[in-house]
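Visitor: Pasting the relevant annotations from TrEMBL:
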TRANSMEM  12-36  transmembrane segment
DOMAIN    27-262  domain 'G-protein coupled receptors family 1 profile'
TRANSMEM  48-68  transmembrane segment
DISULFID  83-160  disulfide bond
TRANSMEM  88-106  transmembrane segment
TRANSMEM  127-146  transmembrane segment
BINDING   174, 252  Zn(2+) binding site
TRANSMEM  176-196  transmembrane segment
TRANSMEM  227-249  transmembrane segment
């Protein structure tokens with residue numbers, strides 16, 4: 001049943017999901033396996049990277065696999081329960097990944113910039129960071145299951161997401177979308193920019209205080225490159241989705257094609 005777009009678009013979507021599974025599963029599984037097998041890698045600063053791998057596996061099994069299957073049928077064939085489950089796990093995995101990047105930025109800021117004197121980053125701090133990512137992820141993924149907004153098929157109707165398309169009476173979609181945009185995009189974005197900005201300033205100040213040796217210059221270049229890559233990666237991952245979602249939400253009634261919304 002291909003009724004929204006050309007069947008070739010569904011085939012392309014399924015192939016793309018298969019590619020993501022083919023690449024995403026081995027990389028994230030090996031990250032978990034190697035870290036568990038080698039004790040030296042099980043350091044507090046690496047906990048958040050393991051959390052990120054778990055989040056990506058949620059996306060692989062809860063999102064990509066389901067979307068690949070439904071794209072073969074041309075619409076979401078798993079019913080209301082399946083839509084809720086797919087929407088929940090895809091949102092949960094995406095939010096854990098989002099907040100893991102935020103916590104990673106905060107951890108690096110604390111370790112390098114030392115805004116708190118005599119602070120030593122330890123296992124308890126790492127566990128608190130993990131708990132925070134799950135708490136924030138659940139605060140976004142759970143509400144649509146209990147009546148604050150809802151999960152509906154979106155785009156080409158092969159996956160489910162939060163309803164930012166309609167102002168359905170009784171679901172309070174407007175307040176939830178505003179909450180998501182502020183608390184789950186703007187605040188993380190500001191936090192990441194602040195932490196990596198301060199980290200970059202601290203490295204430049206340390207390099208300026210020392211002799212301009214090749215070692216300090218190389219370290220400064222590496223940190224600068226890391227900061228730029230992390231910020232650009234964050235924007236690439238989240239700005240398109242947040243921007244399109246907010247645009248659709250604020251222009252309801254306009255004609256949006258399923259390909260754009262997918």
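Cβ atoms are placed via backbone N, Cα and C, with glycine included.
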Visitor: Using a 10 Å radius around each Cβ and counting other Cβ atoms from all shown chains, which of the disulfide-bonded residues 83, 160 yields the largest count?
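Guide: Comparing the disulfide-bonded residues 83, 160, the most crowded Cβ belongs to 160.
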Visitor: Can you name the residues of this chain that are 6 or more positions from residue 174 (Zn(2+) binding site) yet have a C-beta less than 8 Å from its C-beta?
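Guide: Non-local contacts for residue 174 (Zn(2+) binding site): 167, 249.
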Visitor: Which residues does residue 252 (Zn(2+) binding site) neighbour through Cβ under 8 Å, counting only same-chain ones at least six apart?
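Guide: Residues satisfying the criterion: 165, 166, 167.
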Visitor: Which residues of the same chain, at least 6 past either end of the transmembrane segment (227-249), have a Cβ under 8 Å from a Cβ in it?
Guide: 97-98, 101, 105, 164-165, 174, 177, 181, 185, 188-189, 192-193, 196-197, 199-200, 256, 260-261
Visitor: Against which stretches of its own chain does the transmembrane segment (88-106) lie, if we need a Cβ under 8 Å and a gap of at least six residues from its ends?
Guide: 48-49, 51-52, 54-59, 61-63, 66, 129-130, 132-134, 136-138, 140-142, 144-145, 151, 159-162, 184, 188, 191-192, 195-196, 230, 234, 237-238
Visitor: Taking DSSP three-state, what's residue 174 (Zn(2+) binding site) in: helix, strand or coil?
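Guide: Looking at the DSSP assignment, residue 174 (Zn(2+) binding site) belongs to a helix.
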